[in-house]
Amino acid sequence: MAEPKKVCIVGSGNWGSAIAKIIGNNALEKPDMFAKEVRMWVFEEMLAVPDLVESAKDADILVFVIPHQFVRGVCNQMKGHLKEGVVAITLIKGFDIAEGGGILLISQVIRSTLEIPCAILMGANIANEVALENYCEATIGVKSAELGATLKALFQTRYFRIVVVNDKETVEVCGALKNIVAVGAGFADGLGYGDNTKAAVIRLGLMEMIKFCEVFYPDCQQSTFLESCGVADLVTTCYGGRNRRVSEAFVKTGKSIEELEKEMLNGQLLQGPATAAEVNIMLKSKSMEDRFPLFTAIHRICKGMIPAKDFLECLKNHPEHL
Ligand SMILES: NC(=O)C1=CN([C@@H]2O[C@H](COP(=O)(O)OP(=O)(O)OC[C@H]3O[C@@H](n4cnc5c(N)ncnc54)[C@H](O)[C@@H]3O)[C@@H](O)[C@H]2O)C=CC1
Ligand SMILES: O=C(CO)COP(=O)(O)O
């Protein structure tokens, strides 16, 4: 029989801590499949295992759950120090910028830097609610059915239900783009427009997410948008997420996103404004800003290039209505 797999969680923030509880319990309950000691790499604290290479070197499964801006640096530190046959799964919502201005998926950065397979887990999973064990769902995107089954066993519980799909790019792109739409939902709330307007932001945002996948990932499957990683994550983030909350305050207070992130999030980090900027670099380089007016307006408002009240004009003039 195969040895139980050793798991290392790379990250210890809001989501990393909540998912560690699930992984830790599953490792204890499934000793044939997983080693009962689960390591966790903690960035700055003196708790747990502070040395990245030390925590990851024996792992068979690496669970990446850090803010997206740190992935490249973390992978570069791990390179050349991992066990043969190790696999990864990313829970990170965001993109990386390729040389020349294109978008790279975080799973691509992990795969290409570490030369290991990398699956994706995304879903409607506000960490604090998962930590309370409130029922929710998530989607694992992976091509290999065998790896999919192992990862499902690692993550699924009675209250955290998993669907495995093979359309991994769409799973990951949904997780990144919904954070931009959530910023727009926060603007609509800050401007005091009410639930109908917010529903329109969510709908137009979903249309742009689908178009983005059709243009840049032509193999995407429409059914993936109906999984937890798609419409469900979009809805929960536009109502209960940090991106929405800080963006509402941005409109109401006139303070910068960076100031509010420090004031309101106690060391946690927003992904939406940075993702909007990364997507904009690509759209601009391809002269495609006009085809994604919601994403473009959200980026410009975050950067102070246009006032937040112009968001309504963007909605009214959206090409969906022409
Ligand atoms: N919080 C949530 O509800 C959910 C978050 N996610 C995604 O999970 C990822 C991680 O998010 P959270 O756990 O919420 O993080 P967080 O917002 O709590 O991030 C702060 C963490 O970043 C770490 N950090 C700071 N500087 C660093 C560096 N230079 N290198 C490495 N780490 C550094 C800190 O140690 C801290 O723990 C993000 O992509 C997020 O979109 C996904 C689902 C739910
Ligand atoms: O991704 C999330 C829920 O699935 C969390 O969203 P926020 O980062 O906006 O809190």
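Backbone N, Cα and C define each Cβ position, glycine as well.
NAD(+) binding, as stated in TrEMBL, involves Gly11, Ser12, Gly13, Asn14, Trp15, Gly16, Phe43, Phe70, Ala127, Gln271; the candidate among Arg242, Arg244, Arg245 given for that site is Arg242.
Going through Lys79, Lys83, Lys93 against TrEMBL, the one listed in the substrate site together with Arg242, Asn243 turns out to be Lys93.
Look at Lys178 (active site, proton acceptor): DSSP puts it in a helix.
Summary of the substrate site environment: with the site residues Lys93, Arg242, Asn243 set aside, the chain residues having Cβ atoms within 8 Å of the Cβ mean position are Asn179, Ala182, Thr237, Gly241, Arg244, Leu270, Gln271, Gly272. Counted with DSSP, the domain 'Glycerol-3-phosphate dehydrogenase NAD-dependent N-terminal' (46-146) comes out as 32 helix, 26 strand, 43 coil. Taking Arg242 (substrate binding site) as the reference point, the recorded positions whose C-alpha atoms are within 10 Å of its C-alpha, out of Trp15, Lys178, Gln271, are Gln271.
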